[in-house]
Every structure is written in structure tokens, then in C-alpha cells.
Amino acid sequence: METCPSEPSDSGSPLKTMVDTAEAEQLLRQGLGKRMVRGDGINRSTAVSGDSDMLSGGIHHYEQITQSAQSQRLKRFLTTTVMPVFLLAFTPNLVVIIWYTVIHCEGSYLKMLSVFSHRSILSGLSDMWSLMNYPSPVVIWTLVIYCVYALAMMKLLPGENVTGPVTPKGNVPVYKDNGFIYFVVTICLFWVLTICLHPFGISPSILYDKFDEVIYALNAFSLIFCAFLYIKGLLTPSSTDSGSSGNIIFDYYWGMELYPRVLGFDIKVFTNCRFGMMVWALLVCIHSVKSFELYGFVDSMFVSAFLQIMYITKFFWWESGYMRTIDIMLDRAGYYICWGCLVYVPSLYASVTFYLVSHPIHLGPVVTTIFLFLGALNIYINYAADVQKQEVRGANGNCLIWGRKPEIIRAKYQLENGDEKESILLASGWWGLSRHFHYIPEIMLAFFWSAPALFDNIMPYSYVIWLFILLTHRSYRDDTKCNKKYGLFWHQYCKKVPHKIVPYLF
């Protein structure tokens, strides 16, 4: 289950740690030791004793504090300036590389790398960008109309109000749970329009032909959109779950607000769900249409598209649960998550079917059936794990898991305002096998919708490789945040469920 249902408080941030250490270093130079740091009240005898202890440590103790302060400064500079600048510069090029590899290098990363032979990286990237076309009116208007449609449906479609977890500031986000209806309506509308417009020579496959223009437009829009979110968060934040780090680069990259809203529209619901996940599904459908126009029915395309659509269907069915995941509760709405959902998800997540359009592979009925069965099995396991978590929370632990009373830990934690809350940590069922067991079927599912491309190139496996890295990193990230939030309760949970992802191995 999502074992850490909220983000950490500011009191333990790297910024706060660095400030305290710097103050200690400055006071040490004045011969005052730590007795005055943070204005603590200490009597004279205690202060003298502290000074004696400090002086007895000699220059070695001073060097330790100085080195600690320097390492904190370096670490913060790397994480809040160097890394964001690198990602801001590199990631827009990454999606161009994916497009270039499929369209101009026959899906081979080895051929793509030859572009950089005997030339600089910048020169090679410049050549790739030179092959991209500026967005045409067709692409621009398609994106604009879709965004207007998505925003309108967020308001017009029915759905009950659901709440997210309480934030450290004590806020409770409210959402309209109409994601599944939106998904069904949009998919049906796509196929109705595709069929009805076909006699007039109009096909959605034009977006496959002009996908370079789509990437160009989305890259440009996301950069401007994230600048808008930065200014909005600076001037008119939607809630108290906001603030600046004092570093404009990091604020632009990470975001200013946890739950920004504009004219009543929840930004994360739009970028993550209505755009990122829905456009992924639509691109899979577009690739299927293009493949059918070129070759007729191709079983490899069918397997990959079917499994991806099944997975995305499950996502929208469970959308209210997604609003309680780390993407929503911890990550602020900045370049990191908004560019990722607006550009990276459409470019990378749909890359398997994008590749299969130009690489039709006939699997045969036996292999097709095996891939479909194993993929569907992993979707079921992933869904069953999510349902298991929701049932235990909904019943407050008073239910049965696999025929037995669930093992739970009632973990208490405090909000920043001092209010005490309680969360249930499930340590049985799927969640008793490992703390993030649900990552296994998710990774395996991605493999089974990539495997129809077979193994001529590694490019179709880009998403599953990325997913493996992402979820492994997320397991560490989640454990760190939960340890900070729950303390001893988290240690108890880890004793009951000692493995992160793979039972008995990791």
C-alpha cells in the first residue's frame, strides 16, 4: 500500500539543517559553542561546561563542524541548483531523441548514437532539432480543442466529491471523482469520430505523422505553463501548502504549491490525469489506427495496445486512490511533475506502440494468447492489491484479508500545527509480502506490453527500463519519508515487512 500518506514537514528539510549547522559554525568561531544556537535558554554553568567540552575537542571538533557545514552547502547546491539546471536542459532533448530514434534510426539507439560520432553532443542534438517541424495549425488547434474539452468535462461530468489526505498544514483537498466517466466518454468519442470522419479522408493518424510538431508544441507550452505556476504560487497561492525555497531555479523546477487551483480547476488533476494519462491512451489508439491503415490487423500492435488500454482503464477506475499517492501528496506542481505529465508521458509511455507502427511483427495465436493472459494477470494483481488497501482503510481494519483478520499497525503522527492523526499500515495480504509488492506486477505488465516488439532493438523497452528505475528510487524515497513521519511505528512495520519490493530478495 501507499505506506506514507502525506508529505514531510518543513522542519526536517535540508535547508533547515544547513542553517542550523552554519549558525553553529559561526558561534564556534566566536568561542560560544552551541549554547546560543536557536536562542536556547541555558544557564551560565551549563554554558561554561559546554564551552569546556567544545574546547577539549580542539581543532578536530572544529574541523568536523566546518566540514559538515561545507558538505551541507555543497549537497544543497547540487540538489537545488545543479541537478535542476541539468534536467531543465536535458529532458526536452530526451523526448526529441526518442522521436528521432523511431522515425530516423529505425528504432535503434545504436544508429541514433552514430549522430554524435566525430561531433559534439550539442551539434548532434542541433541536427535532431533541425529535422523537427514547427507546430502546424492542425496540431495547435487539436491540442487547444482537447484542453478546452478536458477542462469542460472536469466541470460538466457528474461525480461525487472525494477527499485527499490531510496535508501537514491541515488542509484537505477535495476532488470531483468523474475520471472513469471521462475516460469512457473520451475513448468512445474518439472511435465515433474516427469512424464517422473516415469517409471524408480525415484520420487521427495525422498526429502520428506530425508527432514531432506535437512534441515541439508540448515542450514550448509546458515551459511557459510552469513559469505561470511559479508566478501564481508566488503571488496568489491557493492554500497554505505553498512557499519558496529562496532559489528561483529550484522553485521553478519543484514548484511553489502542493495543490494549485486556477478558476476552480485542480492543476494536478488536469496535468496528471486528464492530459498525461488520457493522452497516453489516445496516442495508443492513434498508433493502432495508423498501423491498421498501413498493414491491416497486426497481433503485436493489438496485444500492446490492449494491455495498455486495460491498465489505463484500471487507473481511471481507481483515480480517487491515485489522488492519495506520492505524486499528489508530496510532489509540488512545478516543472518536475507538470512537464513530466504534459510531455514525458505522451512521448515515452506510448513509445512501444509508436515503435510498432513502423515495425509490424506477427506473433501468432499462441504467443499472442500468452502475452495477453500474463499481462491481464498482472493487471489483476495490481488492482487486487489496491483494492485490498482501500478495503482495510474503509473498514478501519475490521475486515478479512485472504480469510484472516489483517495485521495492521495504527501509526500516529503529527501535523505541523500539532494536531495528531492516525494512519493504518497494512502488514498482511499482498502488503505482507513486501512494502511495495504492487510494483512487481506493474513492472511485469510493462514488460508484457513491450515484449510483442520482440528483441531486435532495446528502444521498445525504454519505458519498462525507466519504470524499473523510477519505482526502485520511489521505494527508497517513500521509506525515507515514512520513517520521518511515523518514527517508531515505521520501524515496527519494517520488522513485520522487511523487504522493499521483491520478497526475500530486496
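Cβ from N, Cα, C; glycine included.
Predicted automatically and left uncurated, TrEMBL annotations should be read as such.
Residues 14, 108-109, 111-112, 115, 125, 128-129, 131-132, 211-212, 215, 219, 223, 245, 247, 249-250, 252-254, 335-336, 339, 343-344, 347-348, 351, 354-355, 358, 459, 462 of the same chain lie 6 or more positions beyond the ends of the transmembrane segment (77-102) yet place their CB under 8 Å from a CB of it. Annotation source TrEMBL lists transmembrane segment at 77-102 (among others).
Per TrEMBL, the feature transmembrane segment maps to 138-158 (among others).
Annotation source TrEMBL lists transmembrane segment at 179-202 (among others).
As annotated by TrEMBL, transmembrane segment applies to 214-231 (among others).
What TrEMBL lists as transmembrane segment is 269-289 (among others).
Remote same-chain residues near the transmembrane segment (295-312) are listed as 183, 187, 277-278, 280-281, 284-285, 287-288, 350, 352-353, 356-357, 360-365, 368, 371-372, 375-376, 379, 445, 448-450, 452-454 (criterion: CB distance under 8 Å, separation of at least six residues from the stretch ends). For 295-312 (among others), the entry in TrEMBL reads transmembrane segment.
Feature annotation from TrEMBL assigns transmembrane segment to 333-357 (among others). Sequence-distant contacts of the transmembrane segment (333-357), counting only residues of its own chain at least 6 positions beyond either end whose CB sits under 8 Å from a CB of the stretch, comprise 84, 87-88, 91-92, 94-95, 98-99, 102, 107, 208, 211, 214-215, 218-219, 221-223, 225-226, 229-230, 233, 251-260, 267-268, 271-272, 275-277, 279-280, 283-284, 287-288, 290-291, 294, 298, 300-301, 304-305, 308, 327, 449-450, 452-453, 457, 459-460, 462-463, 466.
TrEMBL lists 363-383 (among others) with the feature transmembrane segment.
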Counting Cβ pairs under 8 Å that sit 6 or more residues apart, are there three or more between the transmembrane segment (138-158) and the transmembrane segment (363-383)? no
For the transmembrane segment (269-289), find every same-chain residue at least 6 residues outside the stretch whose CB is under 8 Å from a CB in it, and list them. 146-147, 150-151, 153-154, 175, 179, 182-183, 186-187, 190-191, 194, 203-205, 207-208, 301-302, 304-305, 308-309, 312, 315-316, 319, 322-323, 327-328, 333, 337-338, 340-342, 345-346, 349-350, 353-354, 356-357
Report, as numbers and ranges, every residue of the chain located at least six residues beyond the transmembrane segment (363-383) whose Cβ falls under 8 Å of a Cβ in that stretch; write 'none' if there are none. 299-300, 302-303, 306-307, 310-311, 314, 318, 430, 438, 441-442, 444-445, 448-449, 451-452
